[in-house]
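Visitor: Annotation comment: Swiss-Prot describes Tyr209, His390 as active site. Marked as Cu cation B binding site by Swiss-Prot on the basis of similarity to another entry: His390, His392, Met465. Taken from Swiss-Prot, the feature disulfide bond applies to Cys211-Cys261, Cys248-Cys271, Cys366-Cys481, Cys444-Cys466, supported by similarity to another entry. Per Swiss-Prot, domain 'DOMON' is recorded for 40-156. Taken from Swiss-Prot, the feature topological domain 'Extracellular' covers 22-594, and the record attributes it to sequence analysis. Here Swiss-Prot flags 616-619 as topological domain 'Cytoplasmic'. What Swiss-Prot records for 595-615 is transmembrane segment.
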Amino acid sequence: MACVLLFRLFLLLVLAAFSQGKRLGPTSPLRYSRFLDPSRAVFLRWDFDYEAEIITFELQVQTTGWVGLGITDRYTFVGSDLVVGGVLPNGNVYFSDQHLLDEDTLEQDGSQDAELLRLTEDAVSTTMRFSRPFRTCDPHDRDITSDTMRVLAAYGPDDIPKMSREHTFVKSIFLLQMLQYDDQDAPEDTIIHDLKISNFIIPEDDTTYACTFLPLPIVSKKHHIYKFEPILVERNETMVHHVLVYACGNSSVLPTGIGECYGSDPAFSLCSHVIAGWAVGGLSYQFPDDVGISIGTPFDPQWIRLEIHYSNFQNLPGIRDTSGMRLFYTSHLRKYDMGVLQLGISVFPIHFIPPGAEAFLSYGLCKTDKFEELNGAPVSDIYISACLLHTHLAGRSLQALQYRNGTQLQVVCKDFSYDFNLQESRDLPHPVVIKPGDELLIECHYQTLDRDFMTFGGASTINEMCLIFFFYYPRINISSCMGYPDIIYVTNELGEEASENPMENLMVLDNVEWTPENIKKAEKACKESQQTVLIKTIDEEVENTTGWIPDIIPTPRGPCLESTGGKVEPQDNTPAGFRAVPLALSGSNTATLRPLPMIAVLFLQGSLSCLLAMLQTGV
């Protein structure tokens with residue numbers, strides 16, 4: 001009997017070990033932080049347990065009244081969730097999980113899914129710390145995913161929770177960041193090298209792409225770039241949309257000075273292999289500890305093209321700029337050389353989005369079966385560690401999917417809540433393995449309800465792009481792999497007379513009556529047409545191939561967590577959550593197991609002997 005009880009206790013311990021993550025307590029340090037308001041009176045700290053799917057927030061506000069924190073969307077505060085708390089004058093605390101019935105009215109949720117960890121007040125500020133599951137079973141709670149989260153913070157001067165525009169703030173944040181740079185290696189011999197445009201006068205135009213060619217650091221032996229960050233001139237930040245650094249082939253003949261990147265002189269558009277990138281809303285980016293961008297060998301670039309996209313919508317005159325990119329490099333070599341692969345839809349007008357579209361999906365295909373031929377050497381598996389997603393103002397979501405032998409394997413990276421004003425490189429939870437012959441598909445979702453004109457692919461902010469940059473290792477000689485649809489097929493499917501000249505077909509499409517039916521017909525034709533895939537090497541060699549857009553199987557949401565603590569498999573097919581299909585369903589035969597706690601190991605030794613005894617005696 002004692003053995004039976006011991007064995008049952010062991011099973012309970014094992015189940016507990018695998019079902020519980022590391023809970024953060026009232027005073028545990030939290031890795032991430034942001035100010036949520038311009039005056040820096042609202043400060044958020046947070047951390048999460050990815051395996052247990054629990055996130056912990058700590059909101060500190062300069063008020064002695066109520067405070068609130070939640071998640072909203074890009075269109076309206078209505079339906080936003082908001083956890084509200086404060087300290088009464090008598091020292092008692094109040095705390096509840098609520099939601100917004102309208103932009104002014106709060107209502108308490110029927111299910112209280114936020115757990116209070118700490119709520120304090122001093123003469124200046126109120127601090128509220130609480131935790132909640134990534135996904136609750138309460139329809140009034142927004143899911144916490146790897147998408148861009150629009151974090152809502154609100155407060156008041158007293159203890160009567162009431163929304164006011166003056167004290168309400170929304171900030172787009174990647175809550176589920178995978179790496180914290182303070183935990184990463186910062187070599188003692190770090191050297192800094194700045195790549196800056198030289199005293200450039202920003203033109204009085206809505207959009208300018210300025211390019212200049214600059215040398216990389218001159219080193220006598222191999223070094224690794226392990227981090228980059230933007231250099232932004234104070235007061236010019238609102239004009240700089242993105243900064244890109246392209247590696248040049250060492251045989252390239254490069255121009256001098258500063259020129260329009262995509263203007264009349266094609267020399268200023270030379271070099272197309274991105275090695276570092278920043279866009280509006282982003283911060284610095286540091287590679288994982290075992291990878292870096294190689295410089296200093298005969299195979300490495302010696303020069304780069306610095307591209308800065310300016311948006312001077314107010315047409316301000318005489319603004320001088322010296323923005324650019326700061327590189328951090330070291331002689332302490334990492335295990336792998338990092339590469340950057342650009343995927344998506346080729347950036348020219350064959351990519352189009354009709355006006356007045358509630359939703360329009362565009363696709364860019366990449367086929368890797370020619371990589372080895374273009375690389376000039378055998379290509380082994382490559383590992384994707386991070387990605388940077390990029391569209392312009394009409395973009396609403398993006399995702400990159402991986403296929404092998406015609407079967408969808410996984411979503412490599414995605415953002416179903418994309419924000420043009422927050423474009424940061426984001427680390428993946430685990431490296432994604434790409435094998436030779438795999439196909440990669442980029443899907444972009446656009447909305448053009450505010451436009452009465454066609455939107456074409458192009459460099460201007462009012463044009464569109466559909467791009468995802470993969471940071472991967474080990475580096476190969478491929479710089480980009482982009483697709484575009486057969487515009488002749490699309491024109492015919494819309495009932496128009498097609499021309500062999502692609503630009504004439506675009507003029508025809510520009511005159512189509514874009515009813516909802518024609519918008520859907522165009523989207524369907526673009527997806528069903530044969531894709532031309534352009535593969536480019538670092539040395540600007542280009543190879544074409546063709547392919548077809550595969551079907552996309554939506555990833556089901558994972559189970560929700562009830563306020564009682566139990567997980568529930570929802571009976572829905574909403575393609576929302578950050579979680580992939582469970583390993584048992586994905587065809588994988590491997591899984592990473594977490595180590596058992598020591599107490600379970602000790603019980604295991606006794607339980608196995610008891611189990612053997614029970615089997616022998618028939619108990």
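Yeah, the Cβs are placed from backbone N, Cα and C, and that goes for glycine too.
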Visitor: Need this for a regression test: recorded positions Tyr209, His390, His392, Met465, filtered to those with Cα within 10 Å of Cys261 (disulfide bond). What's left?
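Guide: So the list reads Tyr209.
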Visitor: Including all protein chains shown, what's the count of other C-beta atoms within 10 A of the C-beta of Cys248 (disulfide bond)?
Guide: 24
Visitor: For Met465 (Cu cation B binding site), what is the tally of other C-beta atoms lying within 10 angstroms of its C-beta?
Guide: 19
Visitor: Looking at the recorded positions Tyr209, Cys211, Cys366, Cys466, Cys481, which has the shortest Cα distance to His392 (Cu cation B binding site)?
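Guide: For His392 (Cu cation B binding site), the spatially nearest of the recorded positions is Cys466.
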Visitor: Could you put numbers on the helix, strand and coil content of the domain 'DOMON' (40-156), residue by residue per DSSP?
Guide: 0 helix, 63 strand, 54 coil
Visitor: Can you tell me how many other Cβ atoms are located within 10 Å of the Cβ belonging to Cys366 (disulfide bond)?
Guide: 29
Visitor: Could you measure between Met465 (Cu cation B binding site) and Cys248 (disulfide bond) for me? Cα positions, answer in whole angstrom.
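Guide: Their Cα atoms are separated by 23 Å.
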Visitor: Please name which of the recorded positions listed here, Cys211, Cys271, His390, is nearest in space to Cys366 (disulfide bond), Cα against Cα.
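Guide: For Cys366 (disulfide bond), the closest Cα among Cys211, Cys271, His390 is found at His390.
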Visitor: Around the Cu cation B site formed by His390, His392, Met465, list the extra residues of the same chain whose Cβ is within 8 Å of the site's Cβ centroid.
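Guide: Filtered neighbour residues, in order: Thr391, Gly395, Glu464, Cys466, Leu467.
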Visitor: Taking the Cβ of each of the recorded positions and counting other Cβ atoms inside 10 Å, which one has the highest number: His390, His392?
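Guide: The most densely surrounded of these recorded positions is His390.
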Visitor: Going by Cα-Cα distance, which of the recorded positions (Cys248, Cys271, His390, Cys481) sits nearest to Cys444 (disulfide bond)?
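Guide: So, of the listed recorded positions, the one sitting closest to Cys444 (disulfide bond) is His390.
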Visitor: Among the disulfide-bonded residues Cys271, Cys444, Cys466, whose Cβ has the fewest other Cβ atoms within 10 Å?
Guide: Cys271
Visitor: How many Å lie between the Cα of His390 (active site) and the Cα of Cys271 (disulfide bond)?
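Guide: Cα-Cα, rounded: 19 Å.
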Visitor: 10 Å Cβ neighbour count around Tyr209 (active site)?
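Guide: Result for Tyr209 (active site): 20 other Cβ atoms within 10 Å.
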